Ligand SMILES: Nc1ncnc2c1ncn2[C@@H]1O[C@H](COP(=O)(O)OP(=O)(O)O)[C@@H](O)[C@H]1O
Ligand SMILES: Cc1cn([C@H]2C[C@H](O)[C@@H](COP(=O)(O)OP(=O)(O)O)O2)c(=O)[nH]c1=O
């Protein structure tokens, strides 16, 4: 049996990643693959409790980073690793790149500390494919304003998201084999066509 692959969706808030997750999951299911969709922070009962704290409570930057990785540890143990071991495909709405982008880029936690946490929590696992939905801040902000009540992260200022986006793009350049940067300013059907091509090539 072919082994499953691990796909992560990333981007600043409002970039449009959630819009495309069910589409990509469906593309894979059409090929007869078994697909698990999940998200971070969250994905487990404990992770969803941590998500609630992380999205709504102020806390020290390092506490925030540690809780993101605590949620991830549980998620890997309970959901991601068992699914991949069964041969399922896993699609996660965010993973460790988000910690580098938000806690590292946005909040300026040292990348050394983030590298140490990553080496602790998943020394041997990386996504097979990371789709980075990229838009300028103004576009993301306009999409969010039209839509929802902002959580703790979504209330951050423009320079926070500029740094977050830059860190995502820096990582995409550092790991070109696993990243695909998707220009998410385009209309949804055009983005879907590109995603269809990327998935077909996997
Ligand atoms: N390519 C696009 N063009 C126009 N609007 C979009 C596009 N992609 C997403 N949106 C809209 O932007 C909003 C935020 O999208 P969402 O997928 O929830 O973003 P994210 O998950 O990245 O925060 C939603 O209202 C969605 O319908
Ligand atoms: C996984 C992860 C998410 N986050 C942030 C990014 C998002 O603002 C927030 C929740 O992500 P997300 O699920 O994208 O939010 P929404 O449901 O509103 O689209 O958590 C981090 O700061 N670090 C992380 O490691």
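Any Cβ shown, glycine's included, is placed from N, Cα and C.
According to TrEMBL, the protein has these features:
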- 11, 12, 13, 14, 15, 16, 17, 18: ATP binding site (BINDING)
- 9-194: domain 'Thymidylate kinase-like' (DOMAIN)
- Task: Would you report the average pLDDT that the model assigns to the domain 'Thymidylate kinase-like' (9-194)?
- Result: 96
- Message: Quick check on the binding-site residues 11, 16: which one has the highest count of other Cβ atoms within 10 Å of its Cβ?
- Response: 11
- Task: Could you name the residues, excluding 11, 12, 13, 14, 15, 16, 17, 18, of the same chain that surround the ATP site, i.e. Cβ within 8 Å of the Cβ centre of those residues, in sequence order?
- Result: 133, 135, 140, 143, 184
- Message: Through the lens of DSSP with three states only, how would you label residue 17 (ATP binding site)?
- Response: helix
- Where among the binding-site residues 12, 15 do you find the Cβ with the fewest other Cβ atoms within 10 Å? 15
- Query: Which of the binding-site residues 11, 12, 16, 18 have a Cβ less than 6 Å from any atom of ligand 1?
  - Reply: 11, 16, 18
- Message: Return the count of C-beta atoms lying within 10 angstroms of the C-beta of residue 17 (ATP binding site), excluding that atom itself.
- Response: 20
